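Working notes for the structure below.
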Amino acid sequence: MWWDERVSARFRRNLQPTLTYWSVFFSFGLCIAFLGPTLLDLRCQTQSSLSQITWVFFSQQFCLLLGSCLGGVFKRTLSQSLFALFASSLAISLVFAIIPLCHNVVVLAVVMAVAGLAMGCIDTISNMQLVKIYQKDSAIFLQALHFFVGFGALLSPLIADPFLSDTNCILSNSTANASSNLPHIRKSLVPHHPGNLSHYDLPMKGMVVTRVSYAFWIMALINLPVPIAVFFLLYKERMVPCFNSSSRPLLSADELAMETRPTEKDDLSAAVQRPHAAGGHDDLFSCCQSKNFRGASYTYFAVHITGALVLFMTDGIVGEYSGFVYSYAVEEPLSVVHKVAGYLPSLFWGFITLGRLISIPVSYRMKPATMVFINVVGVLITFLLLLIFSYSVVFLFVGTASLGLFLSSTFPSMLAYTEDILQYKGCATTVLVTGAGIGEMVLQLLVGSIIHDQGSYSFLVCGMIFGGLAFTFYAFLLFFHRMYPKPSSDMDDASPDKPAVMDDTGQYQR
């Protein structure tokens, strides 16, 4: 096997929880990419204007960010984390089932806000739990975790495509005049951002004939095994109220499905009853408490901030590129045929998924810091070449694939790198997840307004600037890493401040 026996044994010991956390990230990906291609049909279903339906995007993204901030609240025990994941993954299935029943755009926005909260909780909790399980070996498992996001993001548009309307989905007297615009509009509504919809005036009244409801019900069924898998993990850990009366769980509720020594069972039984305040995995509000800042060096804050800023830029690039590459391609000077340009967002997400798959074995042989360096340099060079060959349609496709590969592993590699710097203390996971979510939301809005005012060429200029800023912030992170105080080698092993670590067998020790 391409990893050593120690890591392999740890993975086998934690197979069920690891697969469960991967599966809930599949739910995350399934829910993040369906809005773009289905937005026109949802607009017909709600009989709302295109400007009104765009608020559905905002409600999802804003609540995703809010859910990411609040997700750390449920990290205090394993029981809370698993129940939160169960509720979140079940909520996503319910959202898919309810969307066809939403005939008002406000109701649809509220439903998507619930989905955003669930996705935010999944994002934060799953990352935290895998870092807790594998600690210094977490990089490879985080890469696999984020592969499932890309896989879900690829699958949901493929499920929806056969049910999308190729002609007007609202029958009225003006249908004939409007229907010729619909294929162009639908393909322009790519994941994450609806693009410039103000140019199209479609009928608001009439009989709705969309078949997109079937796509949502299929996605609800496909996602249903995920909350079932979380429930089975709860059952295995004897945390389901109806099934845990016979005996206490053998595992500490603040540790993640790790086998513990039989001699420690009495201590663990008491530990189940109290929350574990493990550093490095607080919610955003707990992180901001002044008691966490006492005695911390300036490099402690600098590592958090620079790491979050790198992801602010790189995740923001993912959102703005997937949202606007179609609009850039169909306009001058490229003037790509609409049907051909419609493949660009799919190509981008496809290579993100491929890159995450490739990163799983690569991350075992390469340090996270090196992977992030390759990623940010690759993004910067790709945007530079896209600017140089801005008149080449072929290189636009090549550059789109290249960007997907370089951006694919940035988040999990950065998460593993910063947690390693901080020795799994502080609030790295929460701060990085929050920074990435803010970047994806803010840069979409910023780039959209710039393109509207300055033209399509500014799309690549913005990407070049964001890539340069990501590289600059990463250089600062490397500098602060060198300045960050090394852990004391003579720290008392019995000190309560020493974080829990695992031996080669994967068991926690003090």
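Keep in mind that glycine also has a Cβ here, set from the backbone N, Cα and C atoms.
Automatic prediction, not curation, is the source of TrEMBL annotations.
So that you can see what the record holds, here are the features copied from TrEMBL:
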REGION    488-510  region 'Disordered'
TRANSMEM  21-40  transmembrane segment
TRANSMEM  52-74  transmembrane segment
TRANSMEM  81-99  transmembrane segment
TRANSMEM  105-126  transmembrane segment
TRANSMEM  138-159  transmembrane segment
TRANSMEM  214-235  transmembrane segment
TRANSMEM  298-318  transmembrane segment
TRANSMEM  340-358  transmembrane segment
TRANSMEM  370-389  transmembrane segment
TRANSMEM  395-417  transmembrane segment
TRANSMEM  429-451  transmembrane segment
TRANSMEM  457-480  transmembrane segment
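When Cβ-Cβ distances below 8 Å are used as the criterion, the transmembrane segment (395-417) is approached by residues 127, 131, 138-139, 142-143, 145-146, 150, 307, 310-311, 314-315, 317-318, 321, 325, 329, 334, 336, 344, 347-356, 358-359, 362-363, 367-369, 371-372, 374-376, 378-379, 382-383, 385-386, 389, 428-429, 432, 436 of the same chain, each at least six residues removed from its ends. Taking pairs at least six residues apart, the transmembrane segment (214-235) and the transmembrane segment (340-358) share fewer than three Cβ pairs below 8 Å and do not count as touching.
Among the listed stretches 105-126, 138-159, 340-358, 429-451, the one sharing the most Cβ pairs under 8 Å with the transmembrane segment (457-480) is 429-451. The transmembrane segment (138-159) is not in contact with the transmembrane segment (429-451), judged by fewer than 3 CB-CB distances under 8 Å for residue pairs 6 or more apart in sequence. Put simply, of 105-126, 298-318, 340-358, the stretch with the most CB pairs closer than 8 A to the transmembrane segment (429-451) is 298-318.
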